[in-house]
């Protein structure tokens, strides 16, 4: 056996950081793994059951590894418009935007959700593995603006409640008007006697909420929500299969510093029409004018074997024509699914994926694989 | 996480277990350990290349096990002739996660050569602690 089961490591003094919910995960018997320098729950019991709970009821996630970087000051909006590819200065208070931070050559440094919390305050949520890169780039790019960059990742915990029952469940713990809170919006309120930023965002393809709270309040909030009948703690394995079904890109898989937003099919986040320059603008403007060299597609396997990250896509003649970026058996569809980059010029019929030396036929399908009804 | 490593079994470095080595009929039962099943995650697909009557060679890959997260080879820990394949786990591989040392057995082999480098439970526990 062996080869590539996910690496497991015990916590050590110099090892991965623990989230404020570490002891809770241990008590729940979580399988903990080092993910982006944090000891995170991969699964508690069955990742498939956790996945299904989010699709049909509610799942509870610890996402405290994510980075929370605040920009504030009269020039914060302009600083973000210069630093990121989206239009952030003009967004209304209480709204969220999915956007990206790119290198001068147009490569993606991270994908982000940016929340406007107040007139002169924005919160940038970065992937854990990139939080330091994003913070440093923001500090550097905001230098010429009247804006302060403050990395508060260590003082915040992030707990997500995701699934169709989320609103009903959360309403049991707050007076905040959740029914009026739209998708990609945020409000400040009290939840389970804890101050929280309540955002209607997520990474699962379901309705749901992300709750930003002080690290010292994390356990209290988690225990309140976990105590609700039917709320299932869910780990990173379920999070990954949920986002894959929802066709959402993962940094390190679909998005890398060698990928532009256009190749990933996310050119719409690049606002070339915004006033003023931004980092990556000239490179991205050029990319926008040329047909992309490769394109991200969805694959469904006809057999039972799952295409995995790094596997080659081949033509009916056996010639390599692309590479799989993410793949797994889909619990909702009951068949293996994958995302892959196809080379320009590659057709979309008669394709197969080289699964450990055997060509397994796949069909190209439109993303996402799953859309909530 | 503490996983079970039954004392009466023998283990390969590739995380298979073997039972029945001291039996009279020379037939052993083989599966994958709780540690391996746990590290793999939920097993969704199992393929065993040899079927009943085929020969297997110790240390040679003889199948694949695929979980929601990854895929790994199965190695035969002994040489001999396959006498049975557990079709129940081929149909429902998750049984391996639920009961790796019982219902989740994978195949049986009539051992032809004295098996060599198998580990006892203490040595195997040490192996997985160091991993």
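From the backbone N, Cα and C atoms, a Cβ is placed for every residue, glycine too.
Please treat TrEMBL annotations as automatic predictions, because they have not gone through curation.
Some features that TrEMBL has for this protein:
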| type | residues | note |
| --- | --- | --- |
| COMPBIAS | A:1-13 | compositional bias 'Low complexity' |
| REGION | A:1-23 | region 'Disordered' |
| DOMAIN | A:21-274 | domain 'GCVT N-terminal' |
| BINDING | A:210 | substrate binding site |
| DOMAIN | A:294-371 | domain 'Aminomethyltransferase C-terminal' |
Residue A:210 (substrate binding site) has its Cβ surrounded, within 10 angstroms, by a count of other Cβ atoms equal to 25
Please work out the helix, strand and coil residue numbers for the domain 'Aminomethyltransferase C-terminal' (A:294-371) from the DSSP assignment. 0 helix, 41 strand, 37 coil
In the three-state scheme derived from DSSP, which category covers residue A:210 (substrate binding site)? strand
